[in-house]
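*Asks:* Okay, here's the structure, questions in a sec.
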Amino acid sequence: MRRKFVAGNWKMNGSANSIRELLQGIREGAAEVAAVELAVFPSFVYLGLVEQQLSDSSVGWGAQNLSEHASGAHTGEVAGSMLQDFHCDYVIVGHSERRTLYGETDEIVARKFATARKIGLKPILCVGETLQEREQGVTEAVVERQIKAVLDLEGISGFADAVIAYEPVWAIGTGRTATAGQAQEVHAFIRAKLAQLDSALASQVCILYGGSMKAANAAELLAMPDIDGGLIGGASLEAKEFLAIAKAGC
Ligand code: PGA
């Protein structure tokens, strides 16, 4: 039985004050949704604050990105070992904003995935098609290509401790959610692809949905057999809304 997982991707939002308040709200409500695993993903600079506020709670945390390199002359980058200093459980790799705004290719994302695993950070690999790709009918081909880049580097065992987030780019931050049926279809496709290589591993791997998920549509999405949780952007910035999404997964 896969445990539901609800992750809050805060993106480039928040301040020390707003984060303290948000975390207090999440902490207060976490016991009520204990059946669901919760984690938050602040900007790098707030990881210390988040660790301080959450270390005695059941809520986990992670970073939104990492460098593919271990250390050295990479001005402005953050190494995985630095994330370990803040006891991150997870790191998001290949978010569509990283891919489209910052030029991260499938190969770069795969190397980041490998770097994270090598040091014991659990990667959350984001995949998903653009609107144009969906309209062209190549959704599955795109998602398969994004996952294949990781398989080529890490093999199927690379997914043993990893999480996959299916995030249709056209649904991110747009208020336009994939229907539960549309999302389930892609989630089932991803699981089936992995099952061709290792069916036991595929049945265990956690596949999140992301893209304008909120309390109002969470129950329907989370009821789907292959949707194991959500990667939540906008709706994770309010404790009540974030917890209501988790509640829908209980
Ligand atoms: P959204 O973002 O929930 O604001 O659409 C999701 C994501 O980008 O992870």
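Placement of Cβ uses the backbone N, Cα and C atoms for every residue, glycine included.
The feature active site, electrophile is assigned by TrEMBL to HIS95. Positions annotated as active site, proton acceptor by TrEMBL: GLU167. According to TrEMBL, the feature substrate binding site maps to ASN9, TRP10, LYS11, GLY173, SER212, GLY233, GLY234.
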*Asks:* Looking only at C-alpha atoms, tell me how far GLU167 (active site, proton acceptor) is from SER212 (substrate binding site), rounded to the nearest Å.
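*Replies:* With distance taken Cα to Cα, SER212 (substrate binding site) is 9 Å from GLU167 (active site, proton acceptor).
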*Asks:* Where the criterion is a Cβ under 6 Å from an atom of ligand 1, which of the binding-site residues ASN9, TRP10, LYS11, GLY173, SER212, GLY233 meet it?
*Replies:* ASN9, GLY173, SER212, GLY233
*Asks:* How many other Cβ atoms sit within 10 Å of the Cβ of ASN9 (substrate binding site)?
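*Replies:* That number is 27.
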*Asks:* Rank the binding-site residues GLY173, GLY233, GLY234 by the number of other Cβ atoms within 10 Å of each Cβ, and give the residue at the low end.
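*Replies:* Result for the binding-site residues GLY173, GLY233, GLY234: minimum number of other Cβ atoms within 10 Å at GLY173.
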*Asks:* Taking the mean position of the Cβ atoms of ASN9, TRP10, LYS11, GLY173, SER212, GLY233, GLY234 as the substrate site, which residues outside that list, in the same chain, have a Cβ no more than 8 Å away, listed in sequence order?
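*Replies:* Apart from the listed residues, the neighbours are ASN13, ILE172, ILE232, ALA235, SER236, LEU237.
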*Asks:* What residues, ordered by sequence, lie under 8 A Cβ-to-Cβ from LYS11 (substrate binding site) and sit at least six positions away in the same chain?
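*Replies:* Spatial neighbours, sequence-distant, of LYS11 (substrate binding site): SER43, GLN64, GLU97, GLY233.
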